[in-house]
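Trainee: Mind looking over this structure? Questions follow.
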Amino acid sequence: MTFLLFFLLVLSKSRADSFEDAYSDLEHYRTIYISENGPRLSVDTAQPKVISQRGGNATLQCTFNRDPSSPPNPKLRIKWTKLTSDYLKEIDVFVAMGFHKKSYGRFHGRVHLQDAGKNDASLVITDITLEDYGKYKCEIIDGLEDDTVVVSLDLQGIIFPYFPRLGRYNLNFADAEKACRDQDAIVASFDQLYDAWRDGLDWCNAGWLSDGSVQYPITKPREPCGGKNTIPGVRNYGMRDKQKERYDVFCFTSNHKGRFYYLIHPFKLKYDEAVRACQKDGAQIAKVGQMYAAWKLLGYDRCDAGWLADGSVRYPISKPRRRCSPTEAAVRFSGFPDKKHKLYGVYCYKSDN
């Protein structure tokens, strides 16, 4: 047994010496790398984030590069999808393969390819809606190869906290979606709330966000609001039960194609009278989101409390002054008074369409 081990060691040493003799001219410090071919398809964007506004147009940039040695592929496929806020689903937006092109759902007739070159897969979205806000995925499928890139579409607009006549903490997630929709808005995303917090939004009541989480922004921490002696930030309750749990909601709205105005009327009005007065003027009673958009984006300022469509009474102040929100620019909230009270004016909205 000892002899066998000795023989194997000698044989191994002999082979090693033979290898070194045969390749003695190699430089020992040189490293040799062996790799497979790189990707034959790559997808990229020159603009990961695009900012637009409701009613405007936007181009989501997407380009691809194929291996120059690859033959043309008439079945190369361009596919655009929209990611939901929780990233659990993808909504079909547009697909193209050769001369075949198709848009889907609410994007039908509003999206098309830019076609700026043979490697251009950029998507043009026209007449943008609030619901178009979010992240889009550009996917190129070239035979067995595929690659993707994500582009964000952001909108100029404003976040506002909202609760209904029933009072605070009365909305499950579906109720929250409807509440925002009824006020010409959508449920805000975390990114939108975070941006609003950085701009100074301080609100002590937790509200739903579009991903199903519940959060609230605090710029001035205090005992009942974020905790005393804590740092400012967006407080997070985490993901909540969308059906059972109830909170307020943070809504987001953008500019609108129309005119928001306070109706000059000789008398104060009950709620029903306010609705009819706007209709008689060829308009509709304004929604909360329309007031916020006019205040934030157009600088609308009026120191008269007026009815809005949800039965609340508010007034927008962009130029603080004595008796008119003296400490800050804000949309002032006077509550949900009895609709039979003849104490207020009315804000109307007249669409350009």
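Just so it is clear, glycine is given a Cβ too, placed from its N, Cα and C backbone atoms.
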Trainee: Of the candidates C204, C251, which does TrEMBL name as forming a disulfide with C225?
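Mentor: That record, TrEMBL, gives the partner as C204.
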Trainee: From the candidates C278, C324, select the one that TrEMBL records as forming a disulfide bond with C303.
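Mentor: Disulfide partner per TrEMBL record: C324.
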Trainee: If I take the alpha carbons of C303 (disulfide bond) and C204 (disulfide bond), what is the distance between them in whole Å?
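Mentor: Here the two Cα atoms lie 25 Å apart.
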Trainee: Summarise the model's confidence over the domain 'Ig-like' (39-152) as a mean pLDDT value.
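Mentor: Computed over the domain 'Ig-like' (39-152), the mean pLDDT is 94 on the 0 to 100 scale.
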Trainee: Can you check which residues sit near C324 (disulfide bond), meaning Cβ under 8 Å from its Cβ, same chain, 6 or more apart in sequence, and list them in order?
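Mentor: In sequence order, C303, I317 meet the Cβ cut-off.
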